[in-house]
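Features as listed in Swiss-Prot:
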type     : residues                       : note
BINDING  : 41, 42, 43, 44, 45, 46, 47, 48 : ATP binding site
DOMAIN   : 5-243                          : domain 'ABC transporter'
TRANSMEM : 273-293                        : transmembrane segment
TRANSMEM : 417-437                        : transmembrane segment
TRANSMEM : 523-543                        : transmembrane segment
TRANSMEM : 577-597                        : transmembrane segment
TRANSMEM : 611-631                        : transmembrane segment
């Protein structure tokens, strides 16, 4: 008769300081299919070590161990996990049920790692619990089950994948006599159904119920009667086999790992929430800074554009502050006409200005009077609250008309509904008000100077008596590169003047400088927020490391029922990523609340959440979970199942 399990000259020793302590010494043993064997011995005799080797939880230091003819020493860790999963079922003295799972979910664990479809394994788990008399306790957690009921759940778990070999370590040690008898009766029934049952015990009454008693003392077998071949009534229950394609097995495995991770998180809600807190704050900081910073940047750029978008100013001289008399009259009206003819020019306006007194009735105020063309307001993107700008005829006739700014209107006409047609004195010249320009808010604040605008011909001839222009402002057409336009403008005027007696000021350079400055500031603040996210990630790693330590026995149980190192790695990594993703979602919600509150207090700000910001937050959460969850997950996957099961 060929042995199902065969040990040949097996020894097992462990390092103790600089020495090796032998626990098993030259063990040779054969166990046949369908036997019920008891391994007895006092504490420290090596019987538990022998059981670990039989169950492929441990490997011998020397000698050969074969399972159904396969040499275990030739198998890698994944193959050993498969062997445990498909051939062995473990029953422990302390049951080793996972407290956050129900009875049925505990029974399903081996089938989860075997890749069995959910419906099939749920049906099998309920069938096994029904057979063991626990049909009314299927959805109960272990804390609501008696010791005997918990051990029956443990037996059902051992049978989930078929359980060809049942390894029972002191199965009645924690039970009362009645429950112990029930468990032993179940084990005998399993023996009768063709299962190979190996009981490790120090109780002679339990051992006496086995067909064969193997006694071990000080690491050596001192009594080993020959096996007795018996005919069994039935064969071993066939395990449920997974026939799904590879990609479906992977998807199922990932889904189950996600489900187990969620259950583990739900079992420690407060700790999970505190772990998430750092991620919530970090993600909220990053997202808030990105969206609020973007809103602030757009507001700054809008204010700059309000000063004149896509405009180029031309001034006489070499630079600002140059009052050399030879350059004072550099810009002429003919220059303006030549500029207006260029195909890339949208509009152009001259400018002459002087500080004057403005009077209406008994009100006398100081204003800055500007001589401009009718295109001035188009160049600077200004709209009218009342009336309109001056036309070409008024400019040609040097008409005595004026446009007021909103502040000047309030000073002169605080109680009038419409001021168009009113006559005021600019200097000593009476002029008719034809419009009120809408004031535009600026990031630099509003000037304390009151502004009025007259036709430049009126200003030059009637008030100032000069034929040259103080400056020209050009608005470039949309789509035209302002730098190229500036170069062409410089070339045009240099050719006309025969020299470069002017300088230009491109508002786009101000815009680009502001964009660069706001981007730098936003980047700096984002880096500060990322630091808080990193701190949150370190918190996740710290808690996950603690979790691995606290759940060491759970890891050992999972490995005993067939989990591979990669399964354990996947589960703990998914837990870390899930914590970070949920924390990220809450962080995004918090940032939306912050944005909502800011808009209540800062109504002018347009805060919006782009898909880019949300996708970035999602990726940050995922990356943080992977980065800071890797070390704890790797530590969990590297645990030795024997050491893990021995931890309290």
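Quick reminder: no glycine exception, Cβ is built from N, Cα and C everywhere.
In sequence order, 216, 217, 218, 219 are the residues of the chain that are 6 or more apart from residue 45 (ATP binding site) and have a CB within less than 8 Å of its CB. Counted as Cβ pairs under 8 Å, contacts with the transmembrane segment (611-631) are highest for 577-597 among 273-293, 523-543, 577-597. Taking the binding-site residues 43, 48 in turn, the residue surrounded by the fewest other Cβ atoms inside 10 Å of its Cβ turns out to be 43. According to DSSP, residue 43 (ATP binding site) is assigned to coil rather than to any helix or strand.
Residue 42 (ATP binding site): 11 other CB atoms within 10 A of its CB, across all protein chains.
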